[in-house]
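Positions annotated as substrate binding site by TrEMBL: GLY50, GLY51, ARG72, ASN164. Per TrEMBL, domain 'Aspartate/glutamate/uridylate kinase' is recorded for 7-240. The annotation site 'Transition state stabilizer' is assigned in TrEMBL to LYS11, LYS223.
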Amino acid sequence: MKNKQPTLVIKVGGRFFDELLEQSEHKHPLLHAIKQLQTSGARVVLVHGGGDQVQAQLKALNLQSDKINGLRVTPLHHMPVVAGVLSGYLNKTLVAQAGGLGLSGVGLSLADGDMTRCTPISEALGAVGEPHPNSAVLLNALLAQGMLPIVASIGADDSGQLYNVNADHGAICVAQLLDAQLYLLSDVSGVLDASRQKLPHLSAQTAQQLIVDGVITDGMMVKVRAAQEAADALQQAVTIGSWNDVAALSTGNNSFGTQILPATTT
Ligand SMILES: Nc1ncnc2c1ncn2[C@@H]1O[C@H](COP(=O)(O)OP(=O)(O)O)[C@@H](O)[C@H]1O
Ligand SMILES: CC(=O)N[C@@H](CCC(=O)OP(=O)(O)O)C(=O)O
């Protein structure tokens, strides 16, 4: 039976933590918006990355780290650092901050409760996984108790190997698992056009053109491509927006962010 309460999967990246730790006394607007959403009956799952913090920790340990098309090449011997930063310090920081606001945060990874299973993306990327939805039992049990699952982008495969997962990919997978509305939040108001204006929505064709023209680059290129695949798979729009405009999320304001539309509706 389909759950009648709306389910939202909200993804934040590394720069969110810089802002979170700068705000004194649990003031981050995203956590307040999540609390309001929960009060209004929504089920919320938070998925996070932390690429900047992974990079800083690898550098501090003199470990060279490269990216291919926005994804971090991850030799197995980098995994203790990657998993330690994402599933350890950052995940527990978010759980602690949520708790300070009265949210019951539960820190998880993509491997917990067998919620996803990873397959390697390519030999060149090493221990970088593509997550596949597997079991929603744990997440549904936590959500039924009014808890806030906080999922770090670390996964595992059938043989028990750990994987570094791009957090946008992780969030998409969790949204598929729960048939949820997906919000990929970052430090920009949405996808910007060549005049740096926010696009209210974006079709697959326009996105491809803006990528070819060099208007959508770097992490946003990965995000838009992943959001497009997710919109097609979920058959509903995926929103790319800013974690500072999130009050709009609880008021249902549909001018929030850029809506990435499923290919069939464009
Ligand atoms: N057309 C664009 N519109 C918005 N941001 C863009 C665009 N092209 C590149 N970017 C960059 O993408 C960044 C967001 O992607 P990314 O850094 O991967 O986010 P996150 O780490 O939060 O997942 C923005 O901060 C911006 O610098
Ligand atoms: C494979 C891969 O690239 N993994 C990412 C995981 C963290 C992440 O995605 O963090 P953001 O959301 O802050 O970018 C990384 O190592 O940086």
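One is the number of the first residue shown, and numbering goes on along the chain from there.
From the backbone N, Cα and C atoms, a Cβ is placed for every residue, glycine too.
Caution: TrEMBL annotation is automatic and unverified by curators.
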Reading the DSSP string in three states, the entry for GLY51 (substrate binding site) is helix
For substrate, with binding residues GLY50, GLY51, ARG72, ASN164 per the record, max Cα distance (Å, no decimals) returned as 12
Cα of ARG72 (substrate binding site) to Cα of LYS223 (site 'Transition state stabilizer'), in Å and rounded, measures 14
Lowest 10 Å Cβ neighbour count of the binding-site residues GLY50, GLY51 is held by GLY51
For the binding-site residues ARG72, ASN164, the largest set of other C-beta atoms within 10 Å encircles the C-beta of ASN164
For LYS223 (site 'Transition state stabilizer'), the number of neighbouring Cβ atoms whose distance to its own Cβ is within 10 Å equals 26
What remains of the recorded positions LYS11, GLY50, GLY51, ARG72, ASN164, LYS223 after requiring a CB under 6 angstroms from ligand 2 is GLY50, GLY51, ARG72, ASN164
LYS223 (site 'Transition state stabilizer') and GLY51 (substrate binding site), compared by Cα position, are separated in whole Å by 14
Integer Å value for the Cα distance linking GLY51 (substrate binding site) with LYS11 (site 'Transition state stabilizer') is 13
The correct three-state DSSP answer for LYS223 (site 'Transition state stabilizer') is helix
Whole-number mean pLDDT, the domain 'Aspartate/glutamate/uridylate kinase' (7-240), equals 95
Apart from the site residues GLY50, GLY51, ARG72, ASN164, the 8 Å Cβ neighbourhood of the substrate centroid comprises GLY14, GLY49, VAL54, GLN55, THR74, VAL82, VAL85, LEU86, SER153, ASN166, ALA167
A correct count of other C-beta atoms within 10 Å of the C-beta of LYS11 (site 'Transition state stabilizer') gives 29
